[in-house]
């Protein structure tokens with residue numbers, strides 16, 4: 001029987017080890033973009049101009065350039081582009097009546113497209129002036145035209161930054177921008193502004209949409225590799241489930257509550273990644289995704305995060321392994337789990353749909369940081385108590401060694417967590433410079449969570465005889481005896497300190513006896529010899 005159990009353990013270890021290699025492979029996939037919609041949004045004043053940010057994102061360079069008109073290959077197929085669809089500018093009646101038709105640039109609204117490296121060539125920065133619109137002095141020098149936004153052509157690409165003009169005719173309150181698609185030839189972080197230098201267009205609004213498309217789809221360039229990441233992680237969790245669920249079913253009579261919790265985390269992870277992959281796949285092919293799918297993915301993600309943190313807390317507390325129940329902390333665990341779900345759900349919806357102010361987003365992120373800190377502090381405090389309790393029982397060396405390994409893995413994961421937070425802050429502070437690396441941020445978090453779950457499954461697998469980590473009543477009794485010994489020893493020291501013996505020899509003998517008690521107790525602690 002011992003040989004059979006040993007062979008089963010070796011087989012189980014080999015199966016868990018193979019899961020670690022599921023994430024090896026390329027995650028880079030360069031195909032994607034998005035659609036930006038505008039609903040009567042207003043222009044904002046900047047220096048002597050008014051502007052509206054139409055969008056910005058990473059786009060990969062086109063595959064086919066300078067396609068002949070007679071070619072069978074459509075001009076936009078395989079190419080990256082920014083297309084203006086049904087863009088309409090609306091101004092007030094008062095502005096329409098005041099338009100001065102004697103100026104060539106009266107009623108002019110410009111669409112300005114540029115790559116991040118060319119941002120200093122839009123406006124007066126290149127000419128060392130704070131103005132955004134052409135001044136008479138610059139116009140006389142031939143640097144720009146009055147009434148237009150200042151643009152200094154890039155010597156390496158004279159067509160960029162690019163401008164597309166649209167004019168209001170006298171008396172018109174609305175004007176449609178001519179449909180146009182701009183082919184993106186170089187990979188980079190692109191921005192589109194709608195700008196006007198006409199002071200009479202102060203109350204102008206814009207509606208319509210712009211279509212940003214990469215080579216093969218509509219996903220944003222910085223999110224392009226994530227679709228392949230979700231597919232890879234989904235496969236990894238499915239394989240983990242195929243290894244884990246049959247074992248749980250086989251030994252369900254001998255299982256513990258911890259196995260059900262682990263199964264729940266695996267199931268929610270599979271559901272989350274399936275919805276995320278479907279969401280990105282639909283977005284990549286159609287440019288938009290059903291809101292129900294996006295919300296479901298966010299909800300499953302929030303539930304998985306809450307369950308994962310509660311799983312670590314339950315293991316660290318020793319539930320079912322060191323103690324038969326969680327006692328009075330059960331309600332507190334449930335409350336902090338619900339709070340984790342609510343904050344994560346709110347933050348996910350806010351990031352996805354942007355329906356919250358900047359201050360509101362800051363508050364949500366602050367709440368999330370505080371909650372994570374509370375979880376971390378509670379987990380390590382519970383783990384320390386569990387290790388301390390296991391050390392008091394000489395018969396639980398196997399459990400103690402198991403928890404020491406778990407503690408080592410947990411510490412390594414936390415150190416990596418803090419390191420990656422620093423990397424994440426560095427990358428997100430400069431999105432235009434590191435947009436091609438942004439996909440690696442969530443990639444690391446998903447891989448870290450997966451590896452942590454694999455280690456937990458490896459440490460506490462379902463077996464026919466789970467006495468290696470199952471809670472036993474005699475362990476609790478023996479631990480209580482150890483606690484009583486410590487309490488008696490501490491009480492003796494307190495009495496001795498409070499009432500000093502008059503006889504010095506008696507006092508020295510008491511100290512010697514207490515010291516011997518502590519030496520005996522310490523000598524019986526595993527790992528402390």
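Numbering starts at 1 and runs along the chain as it is shown here.
Every residue, even glycine, has its Cβ placed from backbone N, Cα and C.
The annotation domain 'GOST seven transmembrane' is assigned in TrEMBL to 225-466.
The feature signal peptide is assigned by TrEMBL to 1-33.
Positions annotated as transmembrane segment by TrEMBL: 229-246 (among others).
Marked as transmembrane segment by TrEMBL: 258-278 (among others).
For 334-353 (among others), the entry in TrEMBL reads transmembrane segment.
Sequence annotations record features per position, and here TrEMBL assigns transmembrane segment to 365-384 (among others).
The annotation transmembrane segment is assigned in TrEMBL to 405-423 (among others).
The transmembrane segment annotation in TrEMBL covers 443-461 (among others).
Between the transmembrane segment (443-461) and the transmembrane segment (365-384) there are fewer than 3 Cβ pairs closer than 8 Å, counting only pairs 6 or more residues apart in sequence, which means the two stretches are not in contact. Tertiary proximity for the transmembrane segment (258-278) is limited to same-chain residues at least six positions away from its ends with a CB under 8 Å from its CB atoms, namely 227, 230-231, 233-234, 237-238, 240-241, 244-245, 248, 293, 296-297, 300-301, 303-304, 307-308, 310-311, 314-315, 319-321, 449-450, 453, 456-457, 460, 462.
With a cut-off of 8 Å between Cβ atoms, the residues of this chain six or more beyond the transmembrane segment (334-353) that come close are 294-295, 298-299, 301-303, 305-307, 309-310, 360-361, 364-365, 367-368, 371, 374-375, 378.
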